[in-house]
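**Student:** Structure provided below as structure tokens; questions to follow.
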């Protein structure tokens with residue numbers, strides 16, 4: 001009888017062992033043991049795996065293995081350490097684990113209008129930069145092109161081969177050689193048929209909308225479009241040269257903090273000690289007034305991964321240059337082939353902020 005009992009126990013052990021090694025539905029390649037106790041063998045994520053992050057938003061443990069247990073998502077977790085889909089004020093102001101999901105007014109993560117529209121708590125603007133078949137056939141704002149990968153932008157990657165929508169509209173050519181087309185966003189059309197805002201576009205030979213980027217006392221007191229600042233020299237933009245000393249109108253643009261009604265910055269940018277919006281150490285470091293951790297990541301920040309697919313540097317800052325993405329990079333270390341939503345926002349802002357050298361001096 002004892003011999004039979006031992007045989008039964010042995011068979012149960014074998015069956016249980018096989019079951020525990022079977023893949024878990026929805027997490028192919030990960031068995032029950034792996035997900036709960038951790039996988040043995042070579043690291044599959046984190047520092048020792050070139051900053052790779054786990055699939056399906058699994059946590060990356062201190063030892064570089066993917067799973068959902070406390071051992072993975074607790075102390076030492078390297079990335080994606082929050083695995084549930086709740087967010088917002090009732091959940092420690094947590095943002096959503098997927099980089100492009102909005103947090104709804106009820107604290108759920110998603111990418112529908114119910115999540116990203118009225119009452120949205122965080123990451124509400126990011127979804128605006130996704131488009132196409134995987135995003136409800138949404139078109140891009142401001143007539144931007146929708147790339148084959150579903151990103152909004154103006155480069156050849158967006159408007160060229162594979163472009164899904166508005167592929168012709170955001171053309172940077174204009175004037176008599178292009179059907180007398182005018183430029184988008186009230187940009188000037190240069191003598192040679194290109195759109196821009198500097199004196200080379202808006203000055204001698206300009207074909208259309210030649211004064212739209214000018215403002216102030218020398219231009220009939222005109223204010224800038226999109227609430228941009230009007231510089232001392234009568235140019236529209238958002239830099240300190242526009243909004244600082246000598247600014248003529250809309251001078252609070254891109255300002256934030258205690259001296260500006262405790263205003264927070266758009267797109268989750270940090271508010272510096274001096275009240276300027278930005279994302280570098282000068283804005284998010286010492287003296288930062290609000291949204292100071294949005295661009296922090298890695299082991300010292302609960303294994304947070306960077307928004308918009310940016311790299312997490314060895315020091316826990318988000319960025320997209322070699323300094324962030326190479327030696328010591330903690331997560332998302334391979335740069336995307338397409339610009340991130342933020343880079344698109346900043347590119348457009350940079351375009352609007354361009355000032356002719358002679359005007360600045």
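Positions of Cβ are set from backbone N, Cα and C atoms, glycine also.
From Swiss-Prot, here are the annotated features:
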{"type": "SIGNAL", "residues": "1-26", "note": "signal peptide"}
{"type": "DISULFID", "residues": "45-60", "note": "disulfide bond"}
{"type": "DISULFID", "residues": "59-73", "note": "disulfide bond"}
{"type": "DISULFID", "residues": "96-109", "note": "disulfide bond"}
{"type": "DOMAIN", "residues": "128-170", "note": "domain 'Chitin-binding type-1 3'"}
{"type": "DISULFID", "residues": "131-146", "note": "disulfide bond"}
{"type": "DISULFID", "residues": "140-152", "note": "disulfide bond"}
{"type": "DISULFID", "residues": "163-167", "note": "disulfide bond"}
{"type": "DOMAIN", "residues": "171-211", "note": "domain 'Chitin-binding type-1 4'"}
{"type": "DISULFID", "residues": "174-189", "note": "disulfide bond"}
{"type": "DISULFID", "residues": "206-210", "note": "disulfide bond"}
{"type": "DOMAIN", "residues": "212-252", "note": "domain 'Chitin-binding type-1 5'"}
{"type": "DISULFID", "residues": "270-284", "note": "disulfide bond"}
{"type": "DISULFID", "residues": "288-292", "note": "disulfide bond"}
{"type": "DISULFID", "residues": "297-312", "note": "disulfide bond"}
{"type": "DISULFID", "residues": "311-325", "note": "disulfide bond"}
**Student:** To the nearest whole angstrom, state the Cα distance for the pair residue 270 (disulfide bond) and residue 109 (disulfide bond).
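**Tutor:** It is 23 Å, counting Cα to Cα.
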**Student:** Which of the three DSSP states, helix, strand or coil, fits residue 325 (disulfide bond)?
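**Tutor:** It is helical.
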**Student:** Whole-number Å distance between the CA of residue 325 (disulfide bond) and the CA of residue 312 (disulfide bond)?
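**Tutor:** The separation of the Cα atoms works out to 7 Å.
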**Student:** Indicate the candidate from 59, 163, 270 with the smallest number of other Cβ atoms within 10 Å of its Cβ, considering only these disulfide-bonded residues.
**Tutor:** 163
**Student:** Say you check the Cα of residue 312 (disulfide bond) against those of the disulfide-bonded residues 45, 96, 292; which is nearest?
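**Tutor:** Closest candidate to residue 312 (disulfide bond), judged by Cα separation, is 45.
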**Student:** Please work out the helix, strand and coil residue numbers for the domain 'Chitin-binding type-1 5' (212-252) from the DSSP assignment.
**Tutor:** 10 helix, 9 strand, 22 coil
**Student:** Provide, as an integer number of angstrom, the distance between the C-alpha atoms of residue 59 (disulfide bond) and residue 109 (disulfide bond).
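**Tutor:** Residue 59 (disulfide bond) to residue 109 (disulfide bond), Cα-Cα distance: 17 Å.
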**Student:** Summarise the domain 'Chitin-binding type-1 4' (171-211) by DSSP state, stating how many residues are helix, strand and coil.
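**Tutor:** Final tally across the stretch: 10 helix, 9 strand, 22 coil.
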**Student:** Give me the Cα-Cα distance between residue 311 (disulfide bond) and residue 140 (disulfide bond), rounded to a whole Å.
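**Tutor:** Pair distance, Cα basis, whole Å: 25 Å.
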**Student:** Give me the Cα-Cα distance between residue 152 (disulfide bond) and residue 206 (disulfide bond), rounded to a whole Å.
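**Tutor:** For residue 152 (disulfide bond) versus residue 206 (disulfide bond), the Cα atoms are 29 Å apart.
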